[in-house]
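According to TrEMBL, the protein has these features:
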ACT_SITE  Asp315  active site, proton acceptor
BINDING   Lys22, Ser23, Arg27, Ser167, Gln169, Asp315, Lys342  3-phosphoshikimate binding site
BINDING   Lys22, Gly94, Arg122, Gln169, Arg346, Arg391  phosphoenolpyruvate binding site
Amino acid sequence: MDKALIANAQGLHGTLTIPGDKSISHRSIMFGALAEGTTVIDHFLFSDDCKRTLAAFQALGVPITIEGDQVTITGVGLNGLKAPKEPIDLGNSGTSTRLLLGLLSKQPFPIDFFGDASLSKRPMQRVIGPLRQMGAQITATADDFLPLTIAANGQLNAIEMTVPVASAQVKSALIFAALQADGISKLTEIAQTRDHTERMLRQFGGEIEKDGLTLTIKPQNHFVAQQFRVPGDMSSAAFFALAATLVPNSELRLAQVGLNKTRTGFLDVLSRMGADIHVENVDSRIDEVSGDLVVISSALKATTVHGTEIANVIDEIPLIALAATQAEGTTEISDAAELRVKETDRIETVATELRKLGANIETKPDGMIIHGPTPLRAVTSDTVDSHGDHRIGLMLAVAALLSHSQLTLHDAAAINVSYPSFFTDLKQVLD
Ligand SMILES: O=C(O)C1=C[C@@H](OP(=O)(O)O)[C@@H](O)[C@H](O)C1
Ligand SMILES: C=C(OP(=O)(O)O)C(=O)O
């Protein structure tokens with residue numbers, strides 16, 4: 001599907017309630033299924049990826065009902081899942097695949113997974129390798145890719161390891177497996193990644209100890225159903241925070257956005273660049289803190305993004321690159337080779353698409369060097385391409401707002417993976 005993008009925006013005003021967090025929505029279904037009792041989740045993100053997790057648990061025999069943006073899950077516990085009748089389709093969702101690998105690695109029946117063309121190219125060895133060390137029986141194409149089969153398995157051994165990639169998905173998969181292991185497991189991260197699994201595990205009555213970057217997990221199989229509201233997704237709010245920063249004469253409020261410190265790196269980077277963003281109405285009654293972001297347009301200057309900050313901004317790097325094209329000076333992003341194994345190689349897709357609009361971007365194996373500012377307009381093409389990657393499509397829709405030429409987005413439907421209501425939300429706040 002091709003979509004005409006909105007160009008030459010004059011200002012963004014008003015208040016937007018940002019859709020629910022994708023990472024938390026996935027995990028809410030998982031813990032809800034494992035708990036005893038009825039879990040009620042409000043402001044669940046009904047995006048393509050989260051719907052894959054929801055459908056996977058329905059296929060595993062978990063009763064789940066939907067009313068508006070509320071999901072009700074009747075928990076069955078780890079021992080109450082049923083053999084799925086068919087292979088499970090995980091679509092485009094890396095989070096569903098990797099977390100489910102750990103969660104389902106000790107079931108008394110085999111389970112087959114497959115996914116779309118993009119997901120079938122994403123590395124799974126990072127999860128399959130450690131799970132095999134624990135005793136899981138997993139067979140995958142070329143040992144690393146979907147489609148794969150988790151064989152029936154009655155035993156998982158505890159593990160002590162340093163997780164070799166800074167990845168919340170790998171960490172979370174191993175936490176789910178460790179809950180079912182025969183002893184105490186210790187996982188050490190090389191950098192702090194998003195900690196929603198750890199927080200939700202505690203919220204559902206489980207135990208996990210954290211000492212610096214090391215987590216200690218004992219076997220446990222008793223979780224208590226919960227009721228909560230999923231905070232707005234910082235990674236979705238980021239599109240509007242940048243749009244309001246870059247489009248002159250804007251003042252926008254993004255309501256009830258998740259402010260978990262492992263997710264707010266984008267606000268730090270933009271603030272360093274000179275953005276005017278402040279936080280109001282913080283709600284810290286629950287473990288996943290949320291608040292409003294108030295964003296006023298401002299000029300940006302270049303920055304450097306590297307090292308342990310990368311994990312915190314991993315999904316926002318396409319937007320940081322866009323910000324850098326509008327900033328005074330040279331921005332360098334390093335230590336971000338993980339971008340090459342996302343839905344697309346995001347170093348290449350960001351550079352290819354923004355260059356069409358006149359951006360001056362050099363790519364490196366682990367990042368990008370961006371020389372700004374450059375006006376954005378159709379230079380080599382007036383059609384930009386999501387390449388089937390939601391974050392690229394959404395970033396390009398923000399870039400288009402600054403362009404004086406009319407642009408078309410190829411494969412605009414990709415945005416449904418994380419932000420189906422984006423274009424409706426955008427219309428609501430444009431002058
Ligand atoms: O755990 C999660 O919910 C996620 C972790 C990140 O992936 P990695 O763990 O592969 O870095 C992120 O890119 C993804 O959008 C969601
Ligand atoms: C990388 C992403 O998601 P996933 O790994 O779940 O496909 C993303 O949402 O940008």
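Yeah, the Cβs are placed from backbone N, Cα and C, and that goes for glycine too.
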Candidate binding-site residues Gly94, Arg122, Arg391, pick with smallest Cα gap to Ser167 (3-phosphoshikimate binding site): Gly94
Binding-site residues near ligand 1 among Arg122, Gln169, Arg346 (Cβ under 6 Å): Gln169
Cβ neighbours of Gly94 (phosphoenolpyruvate binding site) where a neighbour is any other Cβ within 10 Å: 20
Distance [Cα-Cα, Å, rounded] between Gly94 (phosphoenolpyruvate binding site) and Arg27 (3-phosphoshikimate binding site): 13
Phosphoenolpyruvate site span - longest C-alpha distance across Lys22, Gly94, Arg122, Gln169, Arg346, Arg391, in Å: 19
Listed binding-site residues adjacent to ligand 2, that is, members of Ser23, Arg27, Arg122, Ser167, Arg346 whose C-beta is under 6 A away: none
Cα-proximity to Asp315 (active site, proton acceptor), 10 Å cut-off, over binding-site residues Lys22, Ser23, Arg122: none
Assigned element (helix, strand, coil) containing Arg122 (phosphoenolpyruvate binding site), judged by DSSP: coil
Intrachain C-beta neighbours of Gln169 (3-phosphoshikimate binding site), sequence separation six or more, cut-off 8 angstroms: Gly94, Thr95, Arg98, Leu99, Val127
Pairwise CA distance, Lys22 (3-phosphoshikimate binding site) versus Arg346 (phosphoenolpyruvate binding site), rounded so that it is a whole Å: 19
Nearest-integer angstrom distance between the alpha carbons (Cα) of Arg122 (phosphoenolpyruvate binding site) and Lys342 (3-phosphoshikimate binding site): 7
Inter-residue Cα distance where the pair is Arg391 (phosphoenolpyruvate binding site) and Arg27 (3-phosphoshikimate binding site), in Å: 20
